[in-house]
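Quick notes on the structure that follows.
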Amino acid sequence: MNWSRVPPFRAHPLVRGGHLQTVLGCYLPGPKSTYVAKLRLVPLADGDSLAIHDDCPEQWQAGDRVAVLFHGLGGSHQSGYMRRGADKLNARGIRVIRVDLRGSGAGFAYARHLGHAARSDDVHAAVQFVADLCPGSPLVIAGFSMGANMVLKYLGAHASNVPDCVIGGMAVAPPVDLVHCAEHIQKGMQRAYDQMFVRNLMRLVERRRREIPGVVDVDLSPQPKRLWDFDDRFTARLGGFKDAHDYYSQASSKPQLSKIRHSTLIITADDDPIVPISSFEAAVLSPTTELMVTRSGGHLGFISSNPREGDRRWMEWRLVDFVTSVMPVHAPLLIRSRRTDAHGPVHTPTHTKTHSSSSR
């Protein structure tokens, strides 16, 4: 798809600025949808399982298109953007798998080991499970925030292990440089997000202690006040990292962006208060990857002044556009048109620009 022709994001006049876009994008109610997905469990090598939610349209047939969605930190299959994206894709006959990352959502009871941003193996397990579940179907994988970073890292660092049926990837507001982002939210008004993450994570830790007897734990008293401190004292220790800096460095997708072989779209806002645009400085993108920077939008907000079909959620419409562009109705034919180069199998990119300012 020629992304220069995509309707640029224009913030709603009453939702100006990154903070307002972020907050209202999270809390503004949307159309209610009834949960009709089928819950499936993805077994992991260490004995844990991931919960995935299979939203399959009635008209879907074997070989039809599939999208796999990954949520952000503190989110789940129930996150608004996950539900809205699934509904829009389902309406176009696309089967959607909403993945609960390890220990999140419906997968809480199935995880004795800690989930964290460096678990590319979990992303692969989910994608491979879906590939086996839907043989002959083309797949697109898409992530939001932390899930977006995990998708990018998987596509780059593990490019040779990605199943052949995967056609492309999309990442919205990915914290590609976790060290930079963790430092950024310690400053100014961003500290409110830092404290919110810590509160939510501490609730999860307390629930983990109550409901999973004998789980490996560490003492967190006094309670950490910054996400960096939480990850230094909890995530790094239980995840096998030296410290928070080591964890963030290993989990960041930025060093892997140049290795991505699949057609990939990254969308981020220039006023994102959690993932600053400066975190993309010096990033080297592969020829199959495009970065689209919007003027405003906040963090997963993107409440637009220009509604489409009565809906102002610009981000979810871009998900629909990307999925349907890289997987046309006869997408199974694309799998047979793959080419190979000296580095192994490569998907022919649908767009080759390495940077786009079309939305500015």
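Don't overthink the numbers, they just go from 1 along the chain as shown.
Note that Cβ sites are derived from N, Cα and C of the backbone, with glycine treated the same way.
Note: TrEMBL annotation is automatic and uncurated.
Listed features, source TrEMBL:
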DOMAIN    68-303  domain 'AB hydrolase-1'
ACT_SITE  SER145  active site, charge relay system
ACT_SITE  ASP272  active site, charge relay system
ACT_SITE  HIS299  active site, charge relay system
REGION    338-360  region 'Disordered'
COMPBIAS  347-360  compositional bias 'Low complexity'
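This view paints the features noted in TrEMBL onto the structure.
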residue: SER145; record: active site, charge relay system; DSSP (3 states): coil
residue: ASP272; record: active site, charge relay system; DSSP (3 states): coil
residue: HIS299; record: active site, charge relay system; DSSP (3 states): coil
Tell me which residues of the chain lie with their Cβ under 8 angstroms from that of SER145 (active site, charge relay system), as long as they are six or more apart in sequence?
HIS71, GLY72, LEU73, GLY75, VAL172, ALA173, PRO174, PRO175, ILE274, VAL275, HIS299, LEU300
If you count Cβ atoms within 10 Å of the Cβ of HIS299 (active site, charge relay system), leaving out that atom itself, what do you get?
26
Report, as a single number, how many Cβ atoms besides its own are within 10 Å of the Cβ of ASP272 (active site, charge relay system).
26
